[in-house]
């Protein structure tokens with residue numbers, strides 16, 4: 001069987017996927033070690049028997065709904081190839097909106113940045129890459145996530161970021177010009193938890209008590225004790241939680257509170273500035 005034939009058959013199997021053709025190309029690229037552009041340009045190339053066996057195993061798992069990122073162990077975020085595992089949430093493109101807002105509000109001079117619930121290290125590494133003059137601290141309660149984030153930093157030779165294990169602000173001290181977080185914010189009863197890729201991701205990285213608001217509220221309540229005067233707090237949240245997060249920030253004394261849209265035009269990131 002050649003590349004072109006396998007891609008066609010695989011894409012037809014991935015009916016549950018939003019991007020079946022892309023999924024097939026990623027799997028074939030992973031197994032053959034060839035770039036996706038090569039696969040399309042040389043579609044008549046024959047696949048070896050060993051590669052076909054491996055591809056069939058991966059295709060079966062994808063057909064059952066297992067995320068592509070877990071199958072190949074990698075997901076790109078902010079043009080950074082990040083290793084991923086089942087211990088972490090898979091980085092989403094919409095989280096890049098938070099990175100954009102953070103970069104737009106960081107002071108021009110070197111400063112300290114805090115990323116809470118870092119997972120793969122996506123937000124921390126993106127900010128550390130763009131602002132090599134800044135010191136980035138990133139925290140996660142999951143030891144496996146911290147180890148993975150450190151691996152990503154080493155792989156990408158990013159040396160201005162430090163990863164710590166602990167619950168939210170517990171392992172950190174001092175103040176920061178900006179605190180960013182993509183915490184768990186999904187209600188435990190949300191039916192979407194039983195659909196698509198989310199079924200395979202760790203619920204501890206997705207679900208929060210109090211209808212998804214508990215961790216957001218905990219971060220907002222503690223953040224003033226860790227922000228520089230004029231510092232910013234930026235939170236990713238669910239598309240229906242913007243008003244609730246805005247109220248949390250305003251009630252805690254934040255000003256310039258606003259919500260930004262994601263790439264799908266949904267409310268996704270709410271931010272506020274601590275008193276100057």
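If you go along the chain as it appears here, the first residue is 1 and each next one adds 1.
Using N, Cα and C of the backbone, Cβ positions are placed for all residues, glycine too.
As given in Swiss-Prot:
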- 117, 118, 119, 120, 121, 140, 168, 182: S-adenosyl-L-methionine binding site (BINDING)
- 182, 183, 184, 185: substrate binding site (BINDING)
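What Swiss-Prot annotates, mapped onto the structure for a quick look.
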| residue | record | contacts (Cβ under 8 Å, 6+ apart) |
| --- | --- | --- |
| 117 | S-adenosyl-L-methionine binding site | 139, 140, 141, 168, 181, 182, 183, 184, 205, 215 |
| 118 | S-adenosyl-L-methionine binding site | 124, 138, 139, 140, 145, 146, 149, 163 |
| 119 | S-adenosyl-L-methionine binding site | 88, 89, 91, 140, 145, 149, 182, 205 |
| 120 | S-adenosyl-L-methionine binding site | 75, 77, 82, 83, 84, 88, 89, 91, 145, 148, 149, 152 |
| 121 | S-adenosyl-L-methionine binding site | 82, 115, 138, 148, 149, 150, 152, 153, 161, 163 |
| 185 | substrate binding site | 208, 212, 213, 215, 216, 236, 237, 238, 241 |
Residue 140 (S-adenosyl-L-methionine binding site): secondary structure state under DSSP, collapsed to three categories: strand
Among 140, 168, 182, 184, the most crowded of the binding-site residues [Cβ within 10 Å]: 140
Other CB atoms, at most 10 A from the CB of residue 183 (substrate binding site): 20
Residues within 8 Å of the 182, 183, 184, 185 Cβ centre (excluding the substrate site residues themselves): 117, 181, 186, 205, 206, 208, 215, 216, 235, 236, 237
